[in-house]
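Have a look at the structure below, then the notes.
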Amino acid sequence: MDPINGSHSGANATISDITNGAYNATDAGEWTSSVMFKLRTCVLLLIVIMAVLGNMLVIVSVMRHRKLRVITNYFVVSLAFADILVAMVVMPFNFSVQFNQGWVFGETICDLWNSSDVYFTSTSILHLCCISVDRYYAIVKPLKYPIKMTKKMAFVMLAATWLSPITISYVPIFMGWYTTTDFLESRRDDQCEFKVNKPYAVISSSISFWIPCTIMIFTYLAIFKEANRQEKALHARAGNAMLMHRHSREVSDKNGALHINATTPTKDRNLLKMKREHKAARTLGIIMGAFILCWLPFFLYYVSTSLCDSCNCPEVVTVIMFWTGYFNSALNPIIYAYFNRDFRNAFKNTLACAFCSFCKRSASDLDAMERLDRRGSAQLRVPIPSRRASDLASL
């Protein structure tokens, strides 16, 4: 065997193996990338659909059930409406960026998207802040609650909740106050970055998250402290009532007299009301905690990258933090259904009615089609005997 030819053939085989290995690695990488892209698309679509349908269920259930039409749920319904707008206005643009791997809507829509993102995030946390204040008066200061938390006051708070975030979203972003001059001059139509200056980062994050979050934490600490005190007093009162009842029974047995121990309806109503307020506070406290857990990573990232010029974050981490915050809009209806019996029963009833009405409509459509078929077949059969009768008559 020629050593030169042998070395050439060995080299060719080695090159062929390397080339095939590179092609296989490329195919495997493309397959993995394709699978991850499809999986990510499905997850993001699921979040959008859950947010829209779940919060629509909340709104319809409160409207249909009189038991849920209390002042606290005015804020819950308004929060659900804000979450629906997040799912319909904000999430689709972010989904488009992930799907198209770029921005295709131009500068104006980019500003609109960034403004809406800031606006609805601020609106959501201000709703939770209003709910915490409502629960604070209901549990810590129950005598002042009917005076302070009227329907008029609730509508004033809701108006402030919807109007005040405009000052840190649409106005500064469309006026160009939120960023630097260099960034405005170097903007491109195929990119939608939200690069903010340091004053705007501090002011917007404080109004949107840090100040309301601090208020909520302190109000809920006071709420749970008062709730624990009331429960301890309730258990002590129940224990004393049991001792008094036992003592009165012993005395009545000795005297041979009949003793009836009955609680007053007013005490029963107050007890049920207190338990209901505590359950509502627990559910809304869980909602507040879920909101903080979902949005805290993003705001830490937002402030740190805005104040630190050399701090960078991988794009995949940024996407995860954005969609973790968006997921909170889909999470609230699940929390209502799991932790609050009134909402759970209302959801079941609303879904059952929707399903029954759909079934009835489908059945009525089928009946109508059957009637049309019978009428059509009858019309087809009528001329035949009539024609035969006329023929016989002519004969």
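Every residue, even glycine, has its Cβ placed from backbone N, Cα and C.
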Looking only at what Swiss-Prot records, are F99 and H278 on the same side of the membrane? no
Annotated as N-linked glycosylation site in Swiss-Prot, from the list N94, N114, is N114
Sort N114 (N-linked glycosylation site) into helix, strand or coil using the DSSP assignment. helix
Taking 3+ C-beta pairs under 8 angstroms (sequence gap of 6 or more) as contact, is the transmembrane segment (283-303) in contact with the transmembrane segment (75-95)? no
What's the number of neighbouring CB atoms sitting within 10 A of the CB on N114 (N-linked glycosylation site)? 22
